[in-house]
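Right, one structure below, let's go through it.
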Amino acid sequence: MTSQEKVPFQVQLSLPQILSRRDWENPQITQYHRLEAHPPFHSWRDVESAQKDRPSPQQQTLNGLWSFSYFTQPEAVPEHWVRCDLAEAKPLPVPANWQLHGYDAPIYTNIQYPIPVNPPRVPDLNPTGCYSRDFTLEPSWLASGKTRIIFDGVSSAFYLWCNGQWVGYSQDSRLPAEFDLTPYLQAGSNRIAVLVLRWSDGSYLEDQDMWRMSGIFRDVKLLHKPEIHLRDIHIMTHLSPEFTSANLEVMAAVNIPSLQLNDPQVTGSYQLRVQLWLADKLVASLQQPLGTQAIDERGPYTDRTQLVLRIDQPLLWSAEQPTLYRAVVSLLNHQQELIEAEAYDVGFRQVAIHQGLLKINGKAVLIRGVNRHEHHPQTGQAIDEESLLQDILLMKQHNFNAVRCSHYPNHPLWYRLCDRYGLYVVDEANIETHGMQPMSRLSDDPSWFSAFSERVTRMVQRDRNHPCIIIWSLGNESGHGATHDALYRWIKTNDPTRPVQYEGGGANTLATDILCPMYARVDEDQPFPAVPKWSIKKWIGLPNESRPLILCEYAHAMGNSFGGFARYWQAFRQYPRLQGGFIWDWVDQSLTHHNDHGQPYWAYGGDFGDTPNDRQFCMNGLVFPDRSPHPSLYEAQCAQQFFQFSLLSTTPLVINITSEYLFRESDNEQLYWRIMLEGESVLEGSQPLNLSPESSQCYRLAEKLPTLNKPGQLWLNVEIRQPKETPWSPAQHRSAWHQWRLPQPLFSPSSDLTNATAHYAPQLQHNLQLQHNRQLQHDLQLQQDEQHIKVTYQQQCWQFSRQTGRLDQWWVADKPMLLRPLQDQFVRAPLDNDIGISEATHIDPNAWVERWKKAGMYQLQQRCLSLHVDHLSHSVQISAEYGYEFEQEPLLHSHWVYRFDRHGRMTIDVNVRIATSLPAPARIGMCCQLADISPTVEWLGLGPHENYPDRQLAAQYGHWSLPLEQMHTAYIFPSENGLRCNTHTLNYGRWTLTGDFHFGISRYSTQQLMVTSHQHLLEPEEGTWLNIDGFHMGVGGDDSWSPSVHIDDILTRETYQYQICWQYKV
């Protein structure tokens, strides 16, 4: 008897009897009466509908409002609930997580299990959701055939009843559970009841770094199949060595009653037909009866067949050119009449590891990947098509070509969209035991083998027809045990067309075809006990190691992070066996919550009263929860771009462009170039880009650099745009860019200016004399008393405090322009990377923030050591020395020289000396609180988005203008943000600053950022806070739990000097 023919127990068990077995605490019981896994079915009854992928009348959705009752434990559910709704039941949408609808609370933890660790036991207080709904069926469904119910995702375990009769049980939150309802259905109204448990023994295998939520969170539908029907379909493509021909191999199995399986008259009367379509063109077709060749001495399979179609000159599938065919598999009866048809998108592509390289269609691929959780700020883990498509389009637009389904099989629609739009996918089993000690405790326990096994094998059986899936993953962070080795072999036997990866046990066990470490660094070894992480350059050179290395996680993008990302891409392009990786991760996993006034905000761990929790560690995304970009997304886009540029010469001006596309011509690209002087274009042009895959071409842009009529920095900007829209991008989408600083040509005033100067020279001389006389009348004035030193020029007055030595006021027409004095600044509001794993209950002394705290950086006591004034012939100079100490230990010394001239300018030279005992400071700079609030900020420097010394590959030097509010990056957990580096001019209202500096400008002070837990709690302060840095430490980002700022980006010198010129335009 096949599994499809298993009938329910003849004696129906009562609800208390069923619950008393506590199946949810038995790892060897993962299901009762659940049907075998298979690819998604639609059961079309005509070929054209299957070929065109029309909605199938044989499917009926059960999404919508269900009746819902909540209990704190399953034993509290009244027995009569399985037959009728309870009086207190309320409507609840399906799909949804019940925690987002007022029941129970979501819990965020990373490693720690949210329940006491006592596998397979779970707490007696086990939140339980009771769902029910009524439905009616077409009479034809009841007259013949089989009706199934399919739950695409239920967390974490559930029991099912139909019309008061128990149907079955299932666990594994991320794979479909399918049951035959046929014996329980009746004419008219039918009632489905589902009891969902929050915790089960399966929860010990689902310890992923994510929100822990419950409920029916994916689609529910009914499917009607004929009595004799297609049971499984496996599609594979095999390409010739030259990729000029292919075999399409289809293995199809038919459900036939077991008593008829050995009757050749029965089995031989059914035929299977495969038709391959390219759009509306029939490319190939083959039909043959059921049955295979003899498998062993007992003979062949009689309920399945293998069909092989040869295709000449197939159009190949890749992420760059995702060409899809459509295979329609039809089951025919002895009269050649269609019984049913199933259809799948087919991509002809080959995945292989050859000579130490992962290759797609014979070409070594560079994985531009990202890890993605299924997450939406409003709906949690219930994701609709619009959200899925939004993620894919954003990934494609920002030069991603791969995604890892971290850490579980995704919604079935995700793979279809990846097939269609072109993304390589790592499909990962729903297994993580990170909170076990050791992690391999369960994977080495035979009693858990079946639970592990089903999560891998059922994933493969559901998803293996998708061309986008190029790698299978055995799960995440579960150590390494005998179970992994066994499942690795199972996959290699059942699907020899794809490699397998698994990071557990050190990323280099026999259970992985790919070295897939997480957070290994480019040049730095991390010799952890048992599982060392070598530098990626070193790893590929270890003895007897020939596998490709693809980081399964790297570049931890938590908050203001992602520093040093460009270093990885320099290594990837330098060493062929370093084939990229998957950034952690795509989206900030924050949930929409509401404060006491009903106002929404983005919440993280602990905001729902959830314990235990790991606070803001859920927010590691390249995009905010609403999918608006973090600045780090642009850095990824630029580093991963498919075109690389080099400047060959400046006279003539020639550049070289290399295409890193493996398969597509650059037939929709236009090259734009501009020569920029101080942010203004002086020469520009454009031309079509015609590059073959993996080719380079030189482009002659100009015969010589333009003659300049004013001094300044000269830059060459190039960018590539797509003139026409594509399925994933709008017209004029910018896909790549680069910038070079050009050598400075001689400054040659224009002839018009020269002639005008000669003609008007006498008048100019007279004007200059008048201007000099006016300057004498409005010379710099100096006033001193016991409390202040004042320097006055026309309507401006600079006031110094003799006590602090600071510029404590800048008067303009008797109006104060400073709310806080101009002073040194050496600290920043800690980044997540600065904090590391330090929390209130656990202090990591190695974290930057702890080192700064211990050294007293946040409690510095300032003293004015000296204050000198010199009134020179054309200026006033004030020299001040400041000492900073903690607990009477001198830590920093700064020497400021202020020069005031007769143009109303204040130029400050700052020299800072750092004690050798002090940890490297976060910044060397100054800050003040301006009284002004101007709507716009303009600057000449790197922009337009936020950038830091170790994250500025994507930023470009130019003249930028943004609204003030956009100068603050609204990270959900407030921290240092908004810096713009390598600035030469800053204009804010009437203020102008010049020099070579970094700056940040905002309505929020560093102090407020330091003490505020959430972005929505920040309160705009009076005026504007201006931070000017001569030097700023990098942000780091190789990971977020250990110091990861590279030594080149740490302020390790003992002395620093910078200069800033301030001016207020009266």
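Using the three backbone atoms N, Cα and C, a Cβ is placed for every residue, glycine included.
Pulled from Swiss-Prot:
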| type | residues | note |
| --- | --- | --- |
| BINDING | Asn110, Asp209, Glu477, Glu553, Tyr554, Ala555, His556, Asn620, Trp1041 | substrate binding site |
| BINDING | Asp209, Phe617, Asn620 | Na(+) binding site |
| SITE | His373 | site 'Transition state stabilizer' |
| SITE | His407 | site 'Transition state stabilizer' |
| BINDING | Glu432, His434, Glu477 | Mg(2+) 1 binding site |
| ACT_SITE | Glu553 | active site, nucleophile |
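Comparing CA positions across the recorded positions Asn110, His373, Glu553, His556, the one lying closest to Asp209 (Na(+) binding site) turns out to be Asn110. Between the candidate binding-site residues, Asn110, Asn620, the densest Cβ environment within 10 Å is the one around Asn620. For Phe617 (Na(+) binding site), the Cβ neighbour count at a 10 Å cut-off comes to 23, with all displayed protein chains included. When the recorded positions His373, His407, Glu432, His434, Asn620 are screened for a Cα within 10 A of the Cα of His556 (substrate binding site), the ones that qualify are Asn620. Each of the binding-site residues Tyr554, Trp1041 was scored by other CB atoms within 10 A of its CB, and the lowest score goes to Trp1041. Least crowded of the binding-site residues (His434, His556), judged by neighbouring Cβ atoms within 10 Å of its own Cβ: His434. Note: Glu553 (active site, nucleophile) has non-local neighbours Asn371, Ser406, Glu503, Met518, Tyr519, Gly581, Phe582, Ile583, Trp584, Asp585, i.e. same-chain residues 6+ apart with C-beta under 8 A of its own C-beta. Candidate recorded sites: His373, His407. Fewest other C-beta atoms within 10 angstroms, His373. In the three-state DSSP assignment, the secondary structure recorded for the residue listed as 'active site, nucleophile' is strand. Around Asp209 (Na(+) binding site), a 10 Å sphere centred on its CB holds 23 further CB atoms from the protein chains shown.
For Glu432 (Mg(2+) 1 binding site), the number of other Cβ atoms no farther than 10 Å from its own Cβ, over all displayed protein chains, is 25. Taking only the Cα positions, the spacing between Asn620 (Na(+) binding site) and Tyr554 (substrate binding site) is 11 angstrom.
Among the recorded positions listed (Asn110, His407, Tyr554, Trp1041), Asn110 has its Cα nearest to the Cα of Phe617 (Na(+) binding site). Here the CA atom of Glu477 (substrate binding site) lies 5 Å from the CA atom of His434 (Mg(2+) 1 binding site). Apart from Asp209, Phe617, Asn620, the Na(+) site neighbourhood in this chain, defined by C-beta within 8 angstroms of the site C-beta centre, holds Asn110, Met558, Trp584, Asp585, Gln589, Asp614, Cys618, Met619. In sequence order, Asp207, His407, Glu432, Thr433, His434, Met439, Glu503, Gly504 are the residues near Glu477 (substrate binding site), counting only same-chain partners six or more apart with C-beta under 8 A.
It is 20 Å from the Cα atom of Trp1041 (substrate binding site) to that of His373 (site 'Transition state stabilizer'). Here the C-alpha separation of Asn110 (substrate binding site) and His373 (site 'Transition state stabilizer') works out to 13 Å.
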